Amino acid sequence: MSMLCYTLITAFLIGIWAAPKSEDNVPLGSPATSDLSDTSCAQTHEGLKTSRNTDQRHPAPQKAEDQELRTAANIIVDPKLFQKRQFQSPRVLFSTQPPLLSRDEESVEFLDNEDSLNRNIRAKREDHPVHNLGEHSVCDSVSAWVTKTTATDIKGNTVTVMENVNLDNKVYKQYFFETKCKNPNPVPSGCRGIDSSHWNSYCTETDTFIKALTMEGNQASWRFIRIDTACVCVITKKTGN
């Protein structure tokens, strides 16, 4: 009798140990597995949504230069700032449309038009004209209106130039009239017309400082910046001559 009871108790215990102890042992398709899958998917979706929201709240860091340039384009300029403008240069123009050179491309005029902030200026600059008398320039140059985002100021520091100016709900672009060399060596020996047997020569740009509208902190301010204004010939005497 005792042996029979011992056998029944042992069989009962083996049956209990063989029973599933967690949802991990539940067959696929059972309610426990479905709930677990749904919970896991919900947690994954919630995690992705949280990560996406976190990225929106904390965007990737941007370069300081890019942020400053974007700020410069959105700043609204007080018209009184132009009344305080001094040392006005004909090489700086604020306009809503790209300025054009004259037809012969040898001079430039600032016309009185309502799309320009330089209405009181009318200037003309020569671009090394070649006359019909057999005259030639020592160096060949080219002039054009350009825009700038950075420049070197009179102290040698790199500053941010305002490319776009928002004035009275109208966006003006700041243009600069620059002159550059077409080629440092217009002829194989260097500058044109230089005696290469006694002199070394080459063409290079020279610059000048003009007043331009720049960014200083979060405010617009006038500052002297450097631009190229001419192409000249540099000569050095050859040694042994």
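Yeah, the Cβs are placed from backbone N, Cα and C, and that goes for glycine too.
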According to Swiss-Prot, which candidate among C191, C231 shares a disulfide with C233?
C191
Alpha-carbon spacing, C231 (disulfide bond) to C203 (disulfide bond), which is rounded to whole Å:
6
Reported as an integer number of Å, what is the Cα distance between C203 (disulfide bond) and C233 (disulfide bond)?
4
Would you count the other C-beta atoms found within 10 angstroms of the C-beta of C233 (disulfide bond) for me?
20
Cβ atoms near C191 (disulfide bond) (within 10 Å, other residues, all chains):
24
